[in-house]
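Novice: Input: one structure, supplied below.
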């Protein structure tokens, strides 16, 4: 089991943060990174949903101490409904906060081939488009850091063999057996058996599909100007820009994208000007000065964007959209 050379090259020249749970996947990735002599620290969420949750946290602290690594831990609140989405949002918000505050270049995730195929099937079942169906990439640029998934083309069976061969300790997550979570239902009934039998062909297919995705959507069309992400008025490009800001859109939200200026998920704003989409963090301002409002009116700056420009002292004349 090996990490690709191009991913290793990135890891060796940046400051790295590993999302760690002490489950099988992140434990395997921990020791694989150690084997490759990659420097990294740990970040962990304790959801307190399992009987071993606090023990996992304690053991993670001991592991970090043993190998001289920093570890950042946060306890999640009890989510009353829609656990999967709320837990994911909570997790990534904390990961991003640590990356920004501690200047990490890379957030390393332990997603593997089985996860990639599960995601594919989940999105397919929801009627998603190509950009969402192929939502996982080995290297995914966010605004201030990059997501890296070194195990994305490695199967769960290969990870299990690595753990057994190296005699690596990890905690079994019993919640993975609970089919009330949609991902677990897909895993148990559809994806795992398929990946076990056809993993080599699946790896090739996902590799080809990713190349096709890049050519089709040309994500280089997303430009950044002073914190604003700007792209042509194209649903998939806009969804990608929103994801770069840390928000994964639902099918219902995607349907609203091209209808006009809006706020997505209460935190990401979308505005249009001259057939260009502008994606940015949603902000408000108590009162805009009259002269600034007039400058915005003359320049035809979308109303939703004005508070952001004012708060960040962005010169309107410097904007090229």
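Every residue gets a Cβ built from N, Cα and C, even glycine.
Dumping what Swiss-Prot says about this protein:
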{"type": "BINDING", "residues": "21, 22, 23, 24, 25, 26", "note": "ATP binding site"}
Novice: Around the recorded ATP site, report the further residues of that chain (criterion: Cβ within 8 Å of the mean position of the Cβ atoms of 21, 22, 23, 24, 25, 26; site residues excluded), sequence-ordered.
Specialist: 20, 27, 28, 110, 170, 171, 173
Novice: Whose Cβ, among the binding-site residues 21, 22, 23, 25, 26, has more other Cβ atoms within 10 Å than any of the rest?
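Specialist: Counting every other Cβ within 10 Å of each candidate, the maximum falls on 25.
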Novice: Could you tell me which three-state DSSP class residue 21 (ATP binding site) falls into?
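Specialist: The three-state answer is coil.
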